Amino acid sequence: MIKITNLQKFYRTEEVETVALNDLNIHVQEGEFVAVMGPSGCGKSTLLNIIGLLDDLDEGSYVFNNVEVAKFNERKRSDLRKHNIGFVFQSFNLIDELTVFENVELPLIYTNVPAAERKKRVEEVLEKVQIMHRRNHFPQQLSGGQQQRVAVARAVVNNPKLILADEPTGNLDSSNGNEVMNLLTELNEAGTTIVMVTHSEHDAKFSDRVIRMLDGQVIMETTTV
Amino acid sequence: MTKHDIKSTFRYLWRNRLFTALNIVGLSIGISACWLVFSIVHYEFSFDKKTPDLQDIYQIVTEIKYEGEDHQSAGVNLGLAPLMEEQALDDALVVPVYQQYFERFIVAQNDGEKPVVVEEQDNVIGIRTSYFQLLPYEWISGNAQTAFQHPKSMVLTESKAKMLFPKDDISSILGRVVMADTAQYVVSGVVKNLSFPSSFQAQVFMPVRDAEWKPEWNSRNSAHLLFVKTKNAASLQFLLDAGQKRHQEIAGEAAAKFGYTSKFASMPLVEKHFNTKYNIDGLVAEKKVIYGLIAIGGFLLTLACINYINLSTAQVPQRAKEIGIRKTLGARPLSLTFDFLLETCCICLLSLFLSWPIVVLFRNLYPEFLPAGMEAYSNPWIIAAFLLILTLVITVFAGLYPSYLINKLRVIETLKGKVETRIQGTKLTLRKGLIVFQFIIAQFFIVGALIMAYQLNFTLTKDMGFSHDAVVTVRMPYKSYQNSDVDPALYKQALQKYPEIVKIAQGHEPQNQNHWGNIYDFAADTGRVQFNTPLKYIDKDFIDLYEIELLAGRNLKQTDTIHDVLINEAGIKALGLQSANDAIGKYLLQGEHKALPIVGVFKDFHQKSLRTQIEPLILVSSNNSGQLQTFHIKLPTDSKLWQKTFAIMEREWKTFYPEAPFEYQFADEKIKNLYETEHRTAKLIDLATAVTIFISCLGLFGLATLTAFQRTKEIGIRKVLGASVTGIVGLLSKDFVKVVLIAILIASPIAWWAMNKWLEDFAYRIEIQWWMFAIAGAMAIVTALITVSYQAIRAAMVNPVNSLRDE
């Protein structure tokens, strides 16, 4: 599903050029659950952003679902993203002005799903993450675990092929964290590909494969099962 | 547009209520200004537009050349209308409109009830039936053909009929009698008022009197207007030529003798409303003023939009996360732009609601700035359409730049909370530029308002050359039924008995804009010279009451036969005399038989407003109430006695003039009224100053908020390192003071130039001083500091532990 070869990514300021990712190669199969680990600043978040088409790459190739997307413009990327990729962030990133229901509904609006259909799908997914009773609450009225469940619901409501999770349990206590990991595992078992950046060895155990990075390069890959 | 968008927009606006409120207030001021200006402009430009065949109607006017100068008169010789009517072919309609004057109309009532009396008749005209062919009057009763069969008939408009016959059904008043002064007129028709703004304002129509329908070519009066309607330009020219020829035959010789030429010309009715040369009824609008108003409206709207842009771009960093999320979830730039424009549109609409009470408030507080009669013809649909378009224009104009910024935000950084806070770098950003621009305008207005206030104060406090403290004036009755023939000296003598009346005199007001004058001959050393001078009629107590200083000779004596004359220093100079004493005993000759002896010379005083230099002036003794016009009464120094004095004055007044109302006015007040235009301008400028300062402060507040947000971390570090709250407030405020200083530097020379221009209208004026700019600058800086300090202090008080925490 994801095939990245010889990826280079630099950050330039006026005087310094920093290599963020250096000649990186990654393959992710459809239906896989991959964890990316490494110390702060090793480039794992940059990698995740590139996979999620939020950032562009300087050199190399990125094939997503057999299509070369490295040179896509913003519009094409946005299209690809909204139909295929769901995001879960460490800091949840829910919109404060929208209720739980409306936050989850948002991706469906951007993909022009009709209102009746939207309502059905949002309710389904809210049931799935067991937050239906909070559907009319605003994010700041929820606990961290509940917020992250909403974020997961929002990530999957469009039935994306791929979910990108950036330290999804980073702001949660262990029991809430486990709940979220169980949710992700369930999704994976239902066929969704998951790429997750994490610091937690515990969370990494939920994945099929762990990619370890250092200084912008993959240094080790281990299969967990 | 989905329900979803609107809901989240309103939630967002509510969460940021402070900024929403600032935006709404700012924009509503801009919208109100445009609303008012549009109403005025639309009204002024709709004048006469609905007159049928507007393009074919012309007013005949007179152009005069005298002593090398061009003069214009809206009036024509009485002989012109009958001549044109006689010579006109079928393709031309000749319409004389002769202003009539009546002291009052009286309508008797049945059953011994008090008659209806309406004073001060204006808008009464003498016409021929052609008038009703020119204008589309709708007849309620009577008709154009029969209305003027009788010479003493009268047609009324509906509104006038209601005023004169308040208790009657106006469709049944035909044949009723109206006493116009001493003549009886019979109501022969009632027409509806014109439904559109028109240069034709008359309310009462009567047939042209025989006395005004005669071949009179030697005199002209601006009360006699003439219109011609024709599609044929040659026809119009033919009539003008015929008139010119006849005028030349009859009055040509006299004109040549007095050294003037006069020519009939045509002015299209289309141009009448904006042609100030022929303004006789005060109805004409100046295009210059209209364009000035449009500029002010545009200015205020621009300021308000700038503000909106400032405040909303200031919020971009705070809302970056939301934008990032939306982008991540697949929102296209277009949909983000749309969302933001929707938000702007909501704010505009809310501002529109708020501007309604503002407009109503302005109309009530400043009715003098709105053309009279505007309300009667305002068209709510056109105004609504304008406001709708305005809202859309503001939405796009004010919303585009912030939405551009929103689209420029980089998603990854926003999601990490690392917002690109320095959106434009630290140098002179667009936003700072906008603030500078706003403060330039604010500073300009502050300086303007200040200098105007000083000059207007100067006009009141300057020594006028006569003493006007505690002096009141009372106009002598001038209407026949008010006993105006009673000798005013009787009232004067009656008052002189009371100790409360310190002094009493009769005569013209010492200072006003009225012009009375005459041309005298004076026997100088070099022969007879013509002396064209303004004059005032006074009695012998006048110069004592006003403490006008005599430099030579004696005060005038009052007799019925001799008219003594006092002359001022400027007059002495104009006559070419060396000293004041030289003038005493000389004569001013009026015609061949009348000689006025100069008995005294007085010190120059300001007989007109400070706009003009002191000119020659003579004071002439008189016993005639028509000439003297006004009583002048000096009140006691102790103002506690004034009420009693007024009571005495009124009691005596009623014994001599029972029919005339007793009305007095302080001389100080009259002097102030000479500068009514200036006071009005000053009032408007004061308002503009307050509004621009207010709007500029809104913008500054937005910038301060942004800066405080951007520098949170820096402030935290400084505090950890030991900076005090005061130090940080100073640090944050310094930048804004700089912005305002730049504005002051740019605005001051512009304001200096403009105010110098304004002051040039005054022959006697204050000097513009450097400290006026200093005061204005200090005001701007203090206002700016107060505005900024709230955010600066808040930022400085934040616990650095919070601002330095980084996840």
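Cβ coordinates are placed from backbone N, Cα and C, and glycine is handled just like the others.
Predicted automatically and left uncurated, TrEMBL annotations should be read as such.
Per TrEMBL, the features are as follows:
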{"type": "DOMAIN", "residues": "B:20-236", "note": "domain 'MacB-like periplasmic core'"}
{"type": "TRANSMEM", "residues": "B:21-43", "note": "transmembrane segment"}
{"type": "TRANSMEM", "residues": "B:289-311", "note": "transmembrane segment"}
{"type": "DOMAIN", "residues": "B:295-408", "note": "domain 'ABC3 transporter permease C-terminal'"}
{"type": "TRANSMEM", "residues": "B:340-361", "note": "transmembrane segment"}
{"type": "TRANSMEM", "residues": "B:381-401", "note": "transmembrane segment"}
{"type": "TRANSMEM", "residues": "B:434-454", "note": "transmembrane segment"}
{"type": "TRANSMEM", "residues": "B:687-709", "note": "transmembrane segment"}
{"type": "DOMAIN", "residues": "B:689-799", "note": "domain 'ABC3 transporter permease C-terminal'"}
{"type": "TRANSMEM", "residues": "B:736-755", "note": "transmembrane segment"}
{"type": "TRANSMEM", "residues": "B:770-790", "note": "transmembrane segment"}
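Relative to the transmembrane segment (B:289-311), the listed stretch B:21-43 leads the set B:21-43, B:381-401, B:434-454, B:736-755, B:770-790 in CB pairs under 8 A.
The stretch in B:21-43, B:381-401, B:434-454 that contributes the largest number of Cβ pairs under 8 Å to the transmembrane segment (B:340-361) is B:21-43.
Across the domain 'ABC3 transporter permease C-terminal' (B:295-408), DSSP assigns 99 helix, 0 strand, 15 coil. Counting Cβ pairs closer than 8 Å to the transmembrane segment (B:687-709), the top stretch among B:434-454, B:736-755, B:770-790 is B:434-454. Residues 432, 435-444, 447-448, 451-452, 700, 703-704, 768, 773, 776-777, 780-781, 784-785, 788 of the same chain lie 6+ residues outside the transmembrane segment (B:736-755) yet bring a C-beta within less than 8 angstroms of a C-beta in it.
Model confidence over the domain 'ABC3 transporter permease C-terminal' (B:689-799) stands at 86, taken as the mean pLDDT rounded to a whole number.
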